[in-house]
Structure formats: structure tokens, C-alpha cells
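The structure that follows is given in the form of C-alpha cells.
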Ligand code: BGC
């Protein structure tokens, strides 16, 4: 189902698509490819929307900290918004202190995507397409991006990312859903249990740029190899937690880059039993514990969102990879196709 959601200041119409399959209900906006709502049942069949969102397009345009959005061209940070590629230096839009975050000031979260619904056997979904001009936000190359949201017959939400370029460039696409499996506007997620299949993470400096070290999680608050409450170590006086006001770090997934999506993380809300499992082809996972939610935003559930009322699990390549030749490469060359996949599965 497609309906008018609102209009941008210049009159552009923004539509909302509603899909349901395999017990999962998804609402997607053409603005930013935003997942406005994702409803799943608990063990008793009681549905809840488990994603933070807004009711109006105005809120998304003026106030959204990437709620549910597609993030590009580069998910997370690039130090000072600078990098050199094949001997040419590039300066990106800088929008987070001295750094570039999530593609710069007008990232893919603010683009109006072309959206086409599809049915394939028992699966349904949406194909979202967007072309970013050569030089946009400082990135080289015309980037043609296609993101496919599939709701499978089992109720999985699968995201396939594809991109091509006409000049050598860097790409790192992700999705910025804020999860609260007890339901949007239900309060803190500190009691959610999280497991991440990663023995290392990328420590950061005070601007949240990786230092280059791949540090062991063993014996630190960053050890989620066995499921642990999100809030268990959140108040440990660890320098890395102080820098980020909580968790806002990239875990180096043990499996590395894979051709097929592999399991990397499980998030469970013990109160409702709702469980999210993430499988991906990507080598990194940004776990952000909603540190910068500060009680100034009102969600679709009608409540104010405060610090820790949701968390993000963004599958990605490591932040600042264009300046770290030893990290898995984010370079895309003409004639090649960027392809990554992330699958979100639910049960209760
Ligand atoms: C970043 C955070 C940022 C948040 C919302 C996350 O991916 O790592 O630092 O505040 O996105 O913008």
C-alpha cells in the first residue's frame, strides 16, 4: 500500500509504503529510505513497533538523528572529512566537529529515493534507487545506488545494497534503525541482552575516529561474545565509554568480509521475548547505545526519547577506512559493483 506521507518545503511529495509478510509489518518512506515503523509480535502475538520514528515529514527533515534512515555515501566517520585516492586528495562535507559523519550534511538519509514495489515468489519488497552526482558532499564519481528491502515469507527484513560509480570513489552504506524491542516509547533498552560475535573492536579518539588499533574485547566492557545486558557495563569508567558517552564503537566481526551473510549479533528483550538476529556480509558492526538522545524528541509512540531509549546496530566497513590502508577496503572502481547484504530475523 502506498500513501502520501507529506511534502518537502519545495513541494516534493513523500510517500509511505506499508508491507506485511511472514508476520512482520514494515512502513518505509521515500525520504531517506526511512523505516518509519517495523512491527513484530511477542510470544503471545502482541504486536509492537520496535523502531524509533516520527509522525511527520517535518520532524524527519529538521530533527532526525538518522531514525531508520539509509546512510551514505559513507556510514560513520571519516577523519577531518579528508582522504587521498589514487594520488588525489578529497575534502568532504564536515558535519560532526572537524569530521565527516554519515555522508556529510546532506547524506542519503535526506535524499528522495525512487521506490518500486515487487513480488518475488513468496517474498515481497521495495527497490529504492538514488543517483548521487559527481562531487556531491565532496565524494568523487556519479554513484548509482540501489537498495532492496525484502520482507521474506518468514518475516525477515533483508537489505541488499548495490552501487556503481563512473570514477574511483569510496562507499560504505548502512541502515540506521534505532531498536527498542519492548516497543517504541517504552523507555530504556539497558535491560536488552546483546551478543556480538567479535573478539576485537576499533578504539577511537575523542572525536570518535578509530586510532587504528584493533583492541581485544576480553576483560573490557566491550566483550559481548556471550550475551550480556546492554546496561551491565555502561557505567564503567573506561576511557572509551567516556569519549562516546556510552557505546558508540565499531566491532571487528570475527568472520570478516563474507560472500554470504553470516550471523553476527543477537539482541533480545527478556520482558517481551522479542529477539532480533543480524546476519551480514560486512566486516564491522557499529553498536551505538543511543547516547545522544537527550529528551528533546517525541516519537510515534508519543513519548520523549531519552538517553539509552534505543540502540543501533549498523553493519558496515570500519569507520575512517579511506585513511586506514590496513582496514578492509571501501574503494569502489568503475566497472565494479559494490554489493553487501544484511538480514534481520525476528522471533519471540
Ligand atoms: C554514530 C553516532 C551518532 C549516531 C547518530 C551513529 O552511527 O556512531 O556517533 O551520534 O549515529 O547520528
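Cβ atoms are placed via backbone N, Cα and C, with glycine included.
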Quick one: which of 10, 233, 248 does TrEMBL put in the beta-D-galactose site with 76, 77, 176, 177, 178?
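It is 248, as the record lists it for that site.
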What is the separation, in Å, between the Cα atoms of residue 176 (beta-D-galactose binding site) and residue 314 (active site, proton acceptor)?
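Residue 176 (beta-D-galactose binding site) to residue 314 (active site, proton acceptor), Cα-Cα distance: 6 Å.
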For residue 176 (beta-D-galactose binding site), what is the tally of other C-beta atoms lying within 10 angstroms of its C-beta?
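24, counting other Cβ atoms within 10 Å of residue 176 (beta-D-galactose binding site).
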Do any residues at least six apart in sequence from residue 77 (beta-D-galactose binding site), in the same chain, have a Cβ closer than 8 Å to its Cβ, and if so which, in order?
96, 99, 100, 101, 207, 208, 209, 319, 320
Pop the Cα-Cα gap between residue 177 (beta-D-galactose binding site) and residue 314 (active site, proton acceptor) into the table, whole Å please.
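A Cα-Cα distance of 8 Å.
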